[in-house]
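Per TrEMBL, the features are as follows:
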TRANSMEM  41-61  transmembrane segment
TRANSMEM  82-104  transmembrane segment
TRANSMEM  130-153  transmembrane segment
DOMAIN    133-219  domain 'CAAX prenyl protease 2/Lysostaphin resistance protein A-like'
TRANSMEM  165-181  transmembrane segment
TRANSMEM  240-261  transmembrane segment
Amino acid sequence: MKSSPTGFQIAFLLLALAFGAMLATTWLASAIALPSPYYGTLGHLVAIPFQFALVLGIPALRSLVLEGFHHPVSTPQRFEALALAGGKVVLTFGLWGAIALWGLHVTHRANDVTAFGFLTEPTAMDEHYFAAWGLVGAAYAISLGPLIEEVLYRGVLYRLWERQWGWVAAALLSSIVFSLVHPHNLIQTFFSGILYACLFHRTGSIWATTLCHATYNLLIAWPLLGHVLLLKPADASTSLIPWTANLICLPLAIVAFVLYVRLALAAPERT
């Protein structure tokens, strides 16, 4: 590979890395008899050394990442990152509800809310979250996970495409790749990627996007707002009433999303 790789080359490597980690995780999980709900956590841990090697092993990528870390984050920018994390929770609540309602009542893809990742009682999730591997996954989600993803997808991939085609194209392309490596939440992750890219464009700082990302992951953790996001009563498959809050949040989140993107569009291009 050339000393200065292209965005598409790095995107290919990231997707290949995700696929390789999935294969390795399947083998390792079988070897240690790990329950399937924890495969994701093991997969993240398997991928870490290869992700670091990708960034540290290519000088051009190291310089991009260091540039993102050298940008200080002002107090207003910290508040912006925290507010954006809160907005992302509202967007997630609205989107998950809309996707479930679409599948239940329009396409009739399923007749049970559990098919869309929702729960009707908390016991199983309590046991999952507070087990040893569950706590490892929770710790990763609010620390190393957001940092690594922001380095890879905003600090590297976004920046490579930004230099070539400008920040709007970079935001779209990096968000597509970001969502492809999170296929279980494809739509929500794509919009998250757009918002992180907008924040990065406005601040130039990986610290800002990492703060936003980690705060969002903390807020949606099971002991905090995870109950609100995931728990639905038994009649949620047949009644619209349990989805009222989701339906209210969705248009509010869409308006906020559009306004924030417009703020980013008004910000000057990186020189």
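Glycine is no exception: its Cβ is also placed from the backbone N, Cα and C atoms.
Of the Cβ pairs linking the transmembrane segment (240-261) with the transmembrane segment (82-104) and spaced 6 or more residues apart, 3 or more are under 8 Å, so the two regions touch. When each of 41-61, 82-104, 165-181 is scored by its Cβ pairs under 8 Å to the transmembrane segment (130-153), the top-ranked stretch turns out to be 41-61. Residues 1, 3-5, 10, 13-14, 17-18, 20-22, 24-25, 28-29, 34, 133-134, 136-137, 140, 144-145, 148, 151-152, 156 of the same chain, all 6+ positions outside the transmembrane segment (41-61), place their C-beta atoms under 8 angstroms from a C-beta of that stretch. Under DSSP, the residues of the domain 'CAAX prenyl protease 2/Lysostaphin resistance protein A-like' (133-219) split into helix, strand and coil as follows: 80 helix, 0 strand, 7 coil. Confidence in the domain 'CAAX prenyl protease 2/Lysostaphin resistance protein A-like' (133-219), given as mean pLDDT, stands at 97.
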